[in-house]
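Asker: Look at Swiss-Prot and you will find 1-328 tagged as region 'Ribokinase'. For ASN206, LYS207, LYS208, GLU209, the entry in Swiss-Prot reads ATP binding site. As annotated by Swiss-Prot, active site applies to ASP276. Annotated region 'Cytidylyltransferase' per Swiss-Prot: 357-489, in sequence order.
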Amino acid sequence: METENIHSFDVSLFSSCRVLVVGDMMIDEYLWGEVSRISPEAPVQVVEVKKTTSTLGGAGNVVNNLTALGAKVSVAGVMGGGKAGDLLNGKLTALGVNTEGLLVDQGRATTRKTRVIGANQQMLRIDRESKQEISEEQVQAIVRFAQNQIPQCDLVIASDYGKGVLTRSLMEELAKICKTAGKALIVDPKGMDYSKYKGATCITPNKKEASQASGVEIKDQASLERAAAKLLEIAGAEKILITLGKDGMALFSPGEEPFRVHAQARQVFDVSGAGDTVISVLGLSLAAGASYKTAAALANTAAGIVVAKVGTATVDQAELKAQLQDQPIAYQAKLKPLQELKSALENLRRQGKKIILTNGCFDLLHEGHINLLEQSRKLGDVLVVAVDDDESVRMVKGQGRPIIRERERVKIISAMTGVDFVTVFSTNQLDELIRAVKPDILTKGGNYKPDQVLGHEIVEELGGRIVLIPDASDVSSTRIIQDIRNGRG
């Protein structure tokens, strides 16, 4: 059996799931800049930094994925003190995560990976970290927290990035507590010795990790099965899910036939963090009552969504639901009512994303509209397009407008790959819209002046700014309509 019928699965069940994540919490930092010269000191490029952003990394990215899917999350681990530790704790707290199990060790570095981006390329990565195993005293403190939390949770995820938190003794204790409480322990492994994960319910290595840890070069189905069998024996796990990149993933259980799920991504832009999405959706699906085969198929579907996004990304319930129902994600998941949009943007803002807002009628989409949207998208990380409802278009443009009704206009805008979210608003809701979106930048066409843009005072009050996009041509919807009425094609 290669596929599982997952189309009827209710992803809203994820919202009632409680998860404990134990592992190596990190900060992923990005320095975005421009390169225009070579240093006079050495033959290296000079990056003029324009923007700095940061987000949760490592086990923290698992937390990002879980919260984006609506789960309630607690974390346990060890971090350093200072600014990096405060930043890590602050980002977790902002997501509504219970951080009581996150210990502070002033003598330990909080893992921070700084990527320098210039000319749209990663030029350098700087790592600040400690790989030293945590002390037995710290292990016992985490165990006490876990003993209190696990009976209240539906699932435990151990995310190992090899930074010293998931010691052998801690893994042994977690396995015992989970077994006693009857809760699943899902492990994203690291390193060559999987015997430290003995007692795990399921382990989720990728192809390279599975090959290295098993000592079996995976080059076909037979070698894949040998590697899986060896790792199941070493780890004593009930299941192993091996992710295979473009070849999907494979689920193995002792004494059962392998279950293969083929990759679903239509296009792949970035595989960063896809493994964190897999373990998150796999775990939540199991917690929500799915079988392992269904959970694996759901995880595969979610992975297909995130790899089509640029950068380390997450998937939310709306996107996953739309994909499961074979509906265009562009329309079903991008269109959000204002309050739902506000919540989605708050999560992205906490991840350091720069939010761009543009608004308009978009009645008879033309070259000027396309240019506005394309140029707006280049200014940040997330583009929100607010579309005037039919009554607002009528008020602004007069009787006989809109030519294209609201529902169709929304579908057309949503179909553009550079657009992340679409919302519908009325003219008298503009202030409410801006306060909900809190854009870093509000864009309008070049036929305006900044102080003529409606809502500019609120944008500036909230710390944003207005950017005018020069018109690419003199075409307009009004002119097109007039030409048609005058019989000119």
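From the backbone N, Cα and C atoms, a Cβ is placed for every residue, glycine too.
Have a look at these and tell me how they're positioned relative to everything else.
Answerer: Under the three-state DSSP scheme, ASN206 (ATP binding site) falls in the strand class. Cβ neighbours within 10 Å of ASN206 (ATP binding site), excluding its own Cβ and spanning all shown chains: 18.
Within 10 Å of the Cβ of ASP276 (active site) there are 29 other Cβ atoms, across all protein chains.
Secondary structure of the region 'Cytidylyltransferase' (357-489) per DSSP, as helix, strand and coil residue counts: 57 helix, 26 strand, 50 coil.
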Asker: Work out how many Å separate ASN206 (ATP binding site) and ASP276 (active site) at their Cα atoms, rounded off.
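Answerer: On Cα coordinates alone, these residues lie 11 Å apart.
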Asker: Which of LYS207, LYS208 has the fewest nearby Cβ atoms, counting only those within 10 Å, among these binding-site residues?
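Answerer: LYS208, out of the binding-site residues LYS207, LYS208, has the fewest neighbouring Cβ atoms within 10 Å.
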Asker: Sort out the sequence-distant neighbours of GLU209 (ATP binding site) for me: same chain, 6+ apart, CB within less than 8 Å of its CB, listed by position.
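Answerer: Set apart from GLU209 (ATP binding site) by at least 6 residues yet with Cβ under 8 Å, we have PRO189, LYS190.
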Asker: Sorry to bug you, but what's the C-alpha spacing from LYS207 (ATP binding site) to ASP276 (active site), rounded to the closest Å?
Answerer: 15
Asker: In the same chain, which residues outside the set ASN206, LYS207, LYS208, GLU209 have their CB within 8 A of the centroid of the CB atoms that define the ATP site?
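Answerer: Not counting the recorded site residues, we get PRO205, ALA210, SER211, GLN212, ILE242, THR243.
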Asker: Which whole number is the mean pLDDT over the region 'Cytidylyltransferase' (357-489)?
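Answerer: It averages 84.
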